[in-house]
Amino acid sequence: MIFPCLFQSMLNLYAEALSTFSLLFEEAKSSSEIEPDAMMLATASLEGHPSVRTVLLKKFDARGFVFYSHLDSPKGRDLQANPQAALLFLWRSLREAGVQVRIEGRVQQVLAEEADAYFASRPRQSQIGAWASMQSCPLGSPEEFQARLAEVKAMFEGRDVPRPEEWVGFRVVPQVFEFWYGASFRLHERWRYQADAAGYWRKSLLYP
């Protein structure tokens, strides 16, 4: 049977893709997955050099998928120079043989007020760590980091820890969703949702 590409309004298909992700995410949170909110984040420099790492999804809604990091980290520098990214969720325990979700899109920083609110909700020691860590810079010894932690802890003794200016939220605004449902004998099921230049979404079934 041939499945033609389906064209609908941006609102209908985007809402369908987001709802599908939401249902799978809730299923993953109720499963044996250790960190269902862990996602691979792929970025590329302005020169096209790729890199990938695992980050945690902190929020998602109709505006996109949010995570937090330092602007001066490698991913922060990539995203400032080339604000495009891909996300990948892999939940091996779901369905017959696992579920994978890929999301591609442009990236924007969240509003400072939103980042402030999330930072204020974090454990105090995590807030202190955000100030003490020079993320991805060479570290002479574990003792050096412990000394920086103690210094920051003393600096904010008796008062709230504010968000460092360079510690920000990034939102991936989806332009592509792909849902992969694993099956026996590699007869997987793959559905792709993609926005065109005019903002309309297309849904298509892919060969595995």
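Just so it is clear, glycine is given a Cβ too, placed from its N, Cα and C backbone atoms.
What you see is a predicted model, and the numbers here were worked out from it, not measured in a lab.
What Swiss-Prot records for the FMN site is Arg53, Thr54, Val55, Leu56, Leu57, Lys58, Tyr68, Ser69, Lys75, Gln135, Ser136, Trp180, Arg190, and among Gln100, Gln108, Gln109 the residue it adds there is Gln100. Over all protein chains present, the Cβ of Lys75 (FMN binding site) has 23 other Cβ atoms lying within 10 Å. Taking the binding-site residues Arg53, Arg122, Arg186, His188 in turn, the residue surrounded by the fewest other Cβ atoms inside 10 Å of its Cβ turns out to be Arg186. The sparsest Cβ neighbourhood within 10 Å, among the listed binding-site residues (Ser126, Gln135), is found at Ser126. Here Ser126 (substrate binding site) is positioned 13 angstrom away from Tyr68 (FMN binding site), judged by their C-alpha atoms. Leu57 (FMN binding site) has Tyr118 as its nearest neighbour among the binding-site residues Tyr118, Ser126, Arg186, going by CA to CA distance.
Of all residue pairs in the substrate-binding list (Lys58, Tyr118, Arg122, Ser126, Arg186, Leu187, His188), the one with the greatest Cα separation is 44 Å apart.
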